[in-house]
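As given in TrEMBL:
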| type | residues | note |
| --- | --- | --- |
| TRANSMEM | B:6-21 | transmembrane segment |
| TRANSMEM | B:28-47 | transmembrane segment |
| TRANSMEM | B:103-122 | transmembrane segment |
| DOMAIN | B:122-407 | domain 'NADH:quinone oxidoreductase/Mrp antiporter transmembrane' |
| TRANSMEM | B:128-148 | transmembrane segment |
| TRANSMEM | B:160-180 | transmembrane segment |
| TRANSMEM | B:200-220 | transmembrane segment |
| TRANSMEM | B:232-254 | transmembrane segment |
| TRANSMEM | B:266-287 | transmembrane segment |
| TRANSMEM | B:294-313 | transmembrane segment |
| TRANSMEM | B:325-343 | transmembrane segment |
| TRANSMEM | B:364-385 | transmembrane segment |
| TRANSMEM | B:397-417 | transmembrane segment |
């Protein structure tokens, strides 16, 4: 077992357990914290795969922006575990059953599939440095890149639309 | 000059009527109805001179649908029935006051248009479209201008609509299935198909469902009596006078030639069904309290016999069926009109509330009686010619069919005379029955004249329809 | 490509108008702009080309569907004129979001790369989440937005997973490359799983059973105009995209996959129609009706090679009648809290024109001849029988019959019930939209070849 | 010329009908009476012309007007055949018809719907002529149904009384049962021989080499059912007594002299067919004999003067059928003619009585009328003697021939027929004695008004009485003009031997004695013992069964009418509802599913997503795990 | 340069992603708190992102990583909009439990 594999296993364990904890925590703030840890471990995976730039961006966007947004909202609403309503047992049971089922189904399929035999190709070329990514993003993927801006614009307008008080509203 | 002209007249008439406004609507509609009738007579003349009055034009390329109107003797006969009855029906309604009459009369003409189209179309899909189109106007006519409790009426009419639509949709599937094989909806292309017996059976059944509901044959008739009762009389006349015949016509034109193997294989079942309808309809009619309902069941009995005639697959059967269709069209319109005339005066359709009318209005009574007698196929009326021919054809298949079908002669007389006795005879009614107006009288006289004329001299119609029926028979017998 | 740029430009222009305080001009200018875009799109009809590294592929398919979307958007924007009367300060936002939504829609049918597809569907979805929740003081609207958002992003996750697996199998996002690679024998199982997940995500968007549960709730809760948008434009876009996805990636549609489509199609029709029977809220009823129509449109997936034209035709017929129906609903239910069927009582007397239009629209949806809905169903049946799925067609026929039940419930309410109150005002725009939509529907019905032959 | 005259013959009554229908009211009573009577008289005159012509030429006149109905294997033309048989029938149809029209002028004078009455009578004559002169079965069928219609109209002439209407309806429907049989017969004949024309039919049957006897018998039997209906034979005879609800001239014309003989006419017309089917002939003979006996027994105890005559008619018709069944068509025809004379006379006489008593028909309330109404009495007496078979009166010859034929063929039938004849004599004289002898049993009021009927009534009576007396001359035993006349129609007659042996004379004697015994019994009972029939409630024993007509009406009611009505109610209330609710049920079930389905859509996102995930699992596992 | 997947194996990444994705799904189903549900959806998206990167390495291709950027942008946009809706619900309802959103049903 190589160090890389051990590293992978450890990271995976952290990822999965924190993901579970996110869900099981009664307190939303705890959930958020666990989620941040989860994100960090995923960033670790990225690093493991040598995608440094992506790892950084990931931390900045998720942990830095999205999670802050979450925490901000949680705080704004002053949520704590007492607010969590009683969940009927049948709901939980259904959730657990379907979780098991979907896991089982997907994993079985992938196990059943033909295993990848032989060496993984390695071109040796640089394909994931900032430079390469930037080139691809702004050449080949220029249109989606621009289009993503439209997406963000729409989200922005929408958020404003949803939050802004109208003059006519009293 | 070709048959599309009639469709155009009727359609334009419908729009013109709608635009003419409530006051003029009935007159405009009547005018266009007459124009269509005149036009179809002119066309008949052209047809008899051997001119080609068919019309065909590609409509949709993919799927391959043509706007094909074919006029052969059979179509012309049915077209004449439609275009002649339409002005009569419109004329008969002159005594009534309908609110929003522009829509009312426009719908009548539109329905007439759709029915005429159904009789003319020789492209399966065009035919289907007209077939369905004719359903919409009658739906609204019955719904909006009908009588009786609104909720009940709604139920009856919606049932009718869904029921008939349900049947015809399966016909559409059958058409589409055949289109796969033929690459065209044109009748002659469909004729060329060589379908296996199983395919034919399914196609036959799909058609049958549509027609059995429309005609209606038992046990698919449950919509009929209620709708006839609830619809305004004009609607009932349209339904029973013309629309029923659409189903019967379609059996001859479409069902039999397209699925002859199935027709031959199972003809006994379908004849049996028709005859069961005769007996059942007659017996149910006996105890009806409502005049229109009674007429509805009598209609059920008559069309059962006609249907049995068509399924004999003999020239006599088909010819008798067509003759009887036309005859029944006239007589049933007349009878429903009689019901309407009584209703105008007594505000009732319950037979028990009538009686003792004869002494007040002998003229009306005589006309009513003649219609009753025509309905029970008294010789020298048109109905006799049809009924005789149909029964004869049944006797060729199996004498028992003729005997059982012939019970209509007895049972029909029984319920019709019973109804007549209780509606018209007896001690003079305390309620005053005003004598028939000119309009009413004229309408009935025209109908009676037609019945007697063709009863004594059906040759023109026989000569008109026979060649095309023979052609259809050749198609039916093309595979053995 | 030009279409997309022009639409985005128009969207930005809308926002600028707000800045320059030209609110009154927004709707007309947008309509004019969209008409221009429509012309532009149509002009590209015969010039199939791909742009920017195959990101955008202009084909007959994309131009025709884009044109349909643009037309629908024009109607929806026009209807906004009345609908947002009381929300003048936000009108530019609403209109801009709709225009951007159109951009997403166009991207979805003209993508050449899965990235464009994904971004397109996200633009569309996010716009819809916003529009659904846009009546911010109304709890129903909030709830609708929330439900749609939660389920929609869940579905997005699944779509993303699907894309990921396809990428894993193919090593590319370019559909033509994927298409080429999919011919090779040695395909990892990731690819079919990816396709299936993608399909399921799209089935959610078109609201097919069993992924339809959101639709009635969201349709009911959203503001009526948004419902109109969702039930016409959004549904058609999703369906066209699903069709395009499966066809351009040349995914090997196995028999068992077709079986799944058949079952889902049947289930959608049946559930949609049966559930619609007992609805009293018109929007909800039309939502279920939409579910059943989704089932009908899914039938096109069974015969890829030939059914593009019929899908376009069905989509046009369905969405045009939807627009006509919703314009009447907008008129009738304006200033009411609900869209209950009782609001329609006596419409036949108080407003015969609109009643007739709604009747025609419903008849078209029910598939009664000469309306386009009939031919739409006809060509579908034709193709499906050709593909050998007679059973499906029979189920579809039975469903057509059931559907008449609830469409006629509404018609009956209009014509047999007494009106409960007077409605005032004759909003010209609503009339115009309704009339134009139904006339277009009729024209399509009388000359189906106009559309059917476009993609033949 | 012949064609035009034939058309005049046919359409004169029709014209009378039209005029009376459309202008009857405006014309006034007397004019409408004159037109009605004249139109029939014109026909009579034309008939005489034809009669004279055919006596000379011996050529049947065949007139084809136009094609009427077209069947695949044959055409039916609208044509007439004027041959010996039809002209013979026309003679007494129009002749007696004219007399009865004349009679009606006075009899119906007080009725406000006089013109309608004449219109109907004219119409009847028109249809009867059509029936008789039609050149094929289908034209005959027009007349056949037409006379049925007129019978319906005339029985229900006083339509305000629903009982009369019931009687009319019953007559029409029972006739229609027979008509169905007739139609079936026509179908079979058409199928077998591709023609319905009498002449061609005859040649076809004669020329056919391999006749299908089964179908031929079936056809003959079906036709016979038709005849049963029209001529009131068992089992379809019950309408005729009820038909007495109509005005008496109608009973005389339609229900005694003309219409009811249509069956005999038809069978005689088709004698070539019936001759080939001995089985059917035996059935006819038996049915005829039984009918004769049954009707006669019922006639024994009836108290309504017209009912007695009605049952007598049925009984006499039975005798005619007996003759037909035995192949003695000419005898049947002979009896038809004599019967027409004396029965019409009897009916008209009874009408005269009823007229005098202002509508009273119950013989228990008559009696002693011979002084007040001598002419009526004498004419009726003559007719009664004729019907009883007293020698030298016409009935004697015709009835005797029937008995003779019966004796030759089948002794039991002869016994039955003889018993029926004795009974006939008994009840006829019962009628005579109760009506004209002893004391008047009616009210004082009636007694006061007793008077002989006016001459318009008595004139036809006298004419008919004369005919009833001398009518037998047309076919005297040994030298029969009638048989000669009918030879072209009945070819067998040419070869038949006509001689009278001892057996014949003995039989004649037996018949005469039998008749006299009947009269004597009646005399003993009603003159000597001065019995008056008891009130309805006091009738007991077998006579109660007889008085109630063997309860046949009740039995028919129980077997046919009630079940059909019950069935109708069952169909209407149960089957219709069931079928209807089946269709509605489908809708309801769908609706109910919809209603239940709404519960699944419970608004919970959790559930929605759960279903989503489960659906995903199902699809994925089906696609990738199930293979 | 050696492909790192030679040591770990792409299957392991697939399993990891799948499990993580399923945990996300589970969270969506299990929790009734809208915020946590959002978080679960983020977990799902991240699971996919992770797989993208793994496949990117597997194919030695940068496009997968580029796609992750888009996916992040989408996630960010969704969260923004979702939270905006959440806030307005909170304003109206005073709670963010999705079980309370059951007005629309039937």
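Count begins at 1; order follows the chain as displayed.
Backbone N, Cα and C atoms are what each Cβ position is placed from, and that goes for glycine too.
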Would you call the transmembrane segment (B:128-148) and the transmembrane segment (B:294-313) in contact, using three or more Cβ pairs under 8 Å, pairs 6 or more apart in sequence? no
Long-range neighbours of the transmembrane segment (B:397-417), counting only residues six or more past its ends (CB under 8 A): 267-268, 271-272, 274-275, 278-279, 282-283, 285-286, 288, 294, 298, 301-302, 305, 308, 312, 314, 372, 375-377, 387, 390-391
At a C-beta cut-off of under 8 Å, are there same-chain residues at least 6 beyond the transmembrane segment (B:364-385) that contact it? List them, or none. 298, 302, 323-324, 326-328, 330-332, 334-335, 338, 341, 357-358, 408-409, 412-413, 416-417, 419-420, 424, 433, 435-436, 440-441, 444-445, 447-448, 450-456, 458
Positions whose Cβ lies under 8 angstroms from the transmembrane segment (B:325-343), at least six residues beyond its ends: 77-78, 81, 85, 88-89, 92, 96, 228, 233, 236-237, 240-242, 244-245, 248-249, 291-292, 295, 298-299, 302-303, 306, 349, 354, 357, 364, 367-368, 371-372, 374-375, 381-383, 385-386, 423, 436, 440, 443-444, 447-448, 450-451, 454-455, 461
Between the stretches B:6-21, B:160-180, B:200-220, which wins on the count of C-beta pairs under 8 angstroms to the transmembrane segment (B:28-47)? B:6-21
At least three Cβ pairs under 8 Å linking the transmembrane segment (B:232-254) and the transmembrane segment (B:6-21), pairs spaced 6 or more in sequence? no
Taking residues 6+ outside the transmembrane segment (B:266-287), which of them lie with a CB under 8 Å of any CB in it? 201, 204, 208, 212, 217-218, 221, 294, 297-309, 311-313, 394, 397-398, 401, 404-405, 407-408, 411-412, 414-415, 418
Same-chain residue ranges lying at least 6 outside the transmembrane segment (B:103-122) that approach it to Cβ under 8 Å: 3, 6-7, 10-11, 13-15, 17-18, 25-26, 28-29, 32-33, 36, 54, 56, 68-71, 75, 78-79, 82-83, 86, 89-90, 129-131, 133-134, 137-138, 140-141, 144-145, 186-188, 234, 238, 242-243, 246, 249-250
Distal contacts, the transmembrane segment (B:200-220) - CB-CB under 8 A, six or more residues away: 131, 163-164, 166-168, 170-171, 173-174, 177-178, 243-244, 246-248, 250-251, 254-255, 258-263, 265-266, 270, 273-274, 276-277, 280-281, 300, 303-304, 307
